[in-house]
Amino acid sequence: MKKEGGGSIITLAACILGLYASFLTWSVLQERISTKPYGSNPDTGSPDFFKAPLVINIIQAFFASIVGLIYSVVSSRSNPLSIFTQNEKPVALKFFKSFVIISLTSSLSSPLGYESLKHVDYLAYLLAKSCKLIPVMLVHFVLYRTKFPLYKCMVAGSVTVGVIIFTLSHSSTKSKADISDGKTALGMAQLIGSMLLDGLTNSTQDQLFKLRGTSPSNKHTKLTGAYLMCILNAFIFINTLAYALIFKYQSEITYTVNFVHHYPQVMMNILEFAILGSVGQVFVFIILEKFDSLILITSTVTRKMISMILSVVLFGHQLNGLQWGGVGLVFGGIGYEALVKMSMNKAPTTKKNQ
C-alpha cells in the first residue's frame, strides 16, 4: 500500500534490495557470534560460546539510534526530538506514549519467540514467522479499526499460505523432529504472544505516521522514518540497558567483560553486526515511512524464498513441486494486488477523459 506522497516502485525495489543485502551479511555475523565457539574453556576444555544476547541488543540499539540521528540530519537537516518539542502538547504526549509502548513490544517480541523454542520445534517457529502478516492486520482491525479491502485480505492469505507451503517443503528432517518437553501449550502461547507483539509494534508504527495535530494555528512536525529509527532505538537502548543492569548484571554485563577480555575478537564481530544491522534498518524505516508495514513484512517473509530462487537461476539448484506451488501463490498474490491497483489508478483517468 503506497502512502499519499509516498515512494515510487523504484524506491521500493531499491529498499528491498538493500534490505536483502543487509540481512544476508547481518545473518552471517549473527551465526558467527551465536553458533561458533571463540575458543576452549581453560577449566573444562569445552567450547566457549558467547551467550549474552541482551548485550548484543543493547549495542545494536545504540548504533541504530546514532545512525538514525545521522540519517535525520543528512536527509532533512532536523532534530528527531522536534516531534516532541515542536508539536502541541497532546500530540507530543501521544508520540511519547506510543514510543514507550512499541519500544517495549519490540524488546519483548524476539526473546519471547526464542523462549518458545524450548517447548516447540523449530518448524513451528518458522511457520509462525511466515504468518506475520495476519497478526499485523488483526491488530490494525481490532485496535485501530483499520478496514482492509477484500483484495488485500486475499493477497495476505495467498502470501501467507505460499510461504507456509514453501517452508514446510524445504524444512529438513531435523527441523521436523519432535523436541517437545511436554509444555507445547506454553510454547505455542509464547509464539502467539510474540506474533501479537510484532503485530502491535508494526500497526502502531503505521498509526504514528498518520498522527497530526488538531489546532490549525500550530505547525505540525510529522514523524519521518529517520525520526522513528533514531527515537525508537534510543528507547529500546534505555529499556534493555536498564533491565540488564538491574536483573542480568552478572550473567550479561560481567560475563561480557570477562569474555571480551579472553576473546577480543567477539567485540569486533558484535560491532560489525550492530553497524550492518543499523544500515539495514535504514531501508526498513524508509519502507515504513513511504509505504507501510504490510509491504515491509511481505518483503521480509519472502526473503528466504527470493534467495532460493536466485540460487536456482545462478547456480542451477532445483526446487520441488511444492516449493514452486508456494512461489506461485506468493507471486500470484503480489501480482494480483498490482493488477488491482493499476485498474484503480486507471479508473479516475478514464472518468476524467469522459
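Here the Cβ of each residue, glycine as well, is placed from N, Cα and C on the backbone.
Feature annotations, courtesy of Swiss-Prot:
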- N202: N-linked glycosylation site (CARBOHYD)
- 6-26: transmembrane segment (TRANSMEM)
- 54-74: transmembrane segment (TRANSMEM)
- 95-112: transmembrane segment (TRANSMEM)
- 123-143: transmembrane segment (TRANSMEM)
- 148-168: transmembrane segment (TRANSMEM)
- 227-247: transmembrane segment (TRANSMEM)
- 268-288: transmembrane segment (TRANSMEM)
- 295-317: transmembrane segment (TRANSMEM)
- 321-340: transmembrane segment (TRANSMEM)
When you scan the chain for residues with a C-beta under 8 Å from the transmembrane segment (6-26), skipping those not six or more beyond its ends, what do you find?
273, 276-277, 279-280, 282-284, 286-287, 289-291, 295, 299-300, 303, 306-307
May I ask which of the stretches 54-74, 95-112, 123-143, 227-247, 295-317 has the most CB pairs under 8 A with the transmembrane segment (268-288)?
54-74
Provide the three-state secondary structure of N202 (N-linked glycosylation site) computed with DSSP.
helix
Need a quick answer: max count of Cβ pairs under 8 Å to the transmembrane segment (54-74), which of 95-112, 148-168, 227-247, 295-317, 321-340 is it?
227-247
Return yes if the transmembrane segment (95-112) and the transmembrane segment (227-247) have at least 3 CB pairs under 8 Å (sequence gap of 6 or more), otherwise no.
yes
Distant-in-sequence neighbours of the transmembrane segment (148-168), which means Cβ under 8 A and at least six residues beyond its ends:
1, 123, 126-127, 130-131, 133-134, 137, 140-141, 294, 298, 301-302, 304-305, 322-323, 325-334, 336-337, 340
